[in-house]
Amino acid sequence: ERDLLVAVTMDHELGHNLGIRHDTGSCSCGGYSCVMSPVISHDISKYFSDCSYIQCWDFIMKENPQCILNKHLRTDTVSTPVSGNELLEAGEECDCGTPGNPCCDAATCKLRPGAQCAEGLCCDQCRFKGAGKICRRARGDNPDDRCTGQSADCPRNRFHA
């Protein structure tokens, strides 16, 4: 039960980081107490309330948090390689889950001869898109993101407030 309490407390604090306030009496999660309850109950809940879902969605739509909305780079994940999981892992040049991919050898997870890339916002027909090509359109105050010509990945947004 202590582990559950720690996990729910972490969920609660993470909820605050996602714009979720403490629940009021009008909020419901189907249990006696919800994760964003202002007090800890002996009946520990693992569920967020209807109010929490609305507040989190509002936060994402209004604040446009890039750390949540940006697609991760394929090389961001460190794990045991698994073919076909759409992640580029240690020892793989490309994710070899799709035999029909013209850029990637499905048997070896290596790029086919002459290919620079197999997927990514800056990959087109097995080649890196040219430097300056738009890979992610502007959102709000953030400018367009552009390919570098050296990678298949669209660079992370460089705008800072």
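For all residues, glycine too, the Cβ spot is worked out from N, Cα and C.
Features of the protein shown, as given by Swiss-Prot:
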type     : residues            : note
DOMAIN   : 1-72                : domain 'Peptidase M12B'
BINDING  : His12, His16, His22 : Zn(2+) binding site
ACT_SITE : Glu13               : active site
DISULFID : Cys27-Cys51         : disulfide bond
DISULFID : Cys29-Cys34         : disulfide bond
DOMAIN   : 89-161              : domain 'Disintegrin'
DISULFID : Cys94-Cys109        : disulfide bond
DISULFID : Cys96-Cys104        : disulfide bond
DISULFID : Cys103-Cys126       : disulfide bond
DISULFID : Cys117-Cys123       : disulfide bond
DISULFID : Cys122-Cys147       : disulfide bond
DISULFID : Cys135-Cys154       : disulfide bond
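In this structure, His16 is the one among the binding-site residues His12, His16, His22 with the smallest number of other Cβ atoms inside 10 Å of its Cβ. With DSSP classes pooled into helix, strand and coil, the tally for the domain 'Disintegrin' (89-161) is 0 helix, 15 strand, 58 coil. In the three-state DSSP classification, His16 (Zn(2+) binding site) falls within a helix. Those residues of the chain, other than His12, His16, His22, with a C-beta within 8 angstroms of the mean position of the Zn(2+) site C-beta atoms are Glu13, Gly15, Ile20, Arg21, Val35, Met36, Pro38. In this structure the C-alpha atoms belonging to Cys29 (disulfide bond) and His22 (Zn(2+) binding site) are separated by 13 Å. Across the domain 'Disintegrin' (89-161), the model assigns an average pLDDT of 84. Annotation for Cys117 (disulfide bond): spatial neighbours Cys94, Cys103, Leu111, Cys123, Cys126, Arg127, Phe128, Ser151, Ala152, criterion Cβ-Cβ under 8 Å with sequence separation of six or more. Note on the domain 'Peptidase M12B' (1-72): DSSP counts are 34 helix, 0 strand, 38 coil.
The least crowded of the disulfide-bonded residues Cys96, Cys147, Cys154, judged by other CB atoms within 10 A of its own CB, is Cys96.
In this structure the C-alpha atoms belonging to Cys135 (disulfide bond) and Cys147 (disulfide bond) are separated by 6 Å. Taking the Cα of Cys96 (disulfide bond) as the reference point, the closest of the recorded positions His12, Cys122, Cys154 is Cys122. Counted within 10 Å of its Cβ, the other Cβ atoms near Cys27 (disulfide bond) come to 19, all protein chains included. Taking the disulfide-bonded residues Cys34, Cys51, Cys109, Cys122, Cys123 in turn and counting surrounding C-beta atoms within 10 angstroms, the largest count is reached at Cys122.
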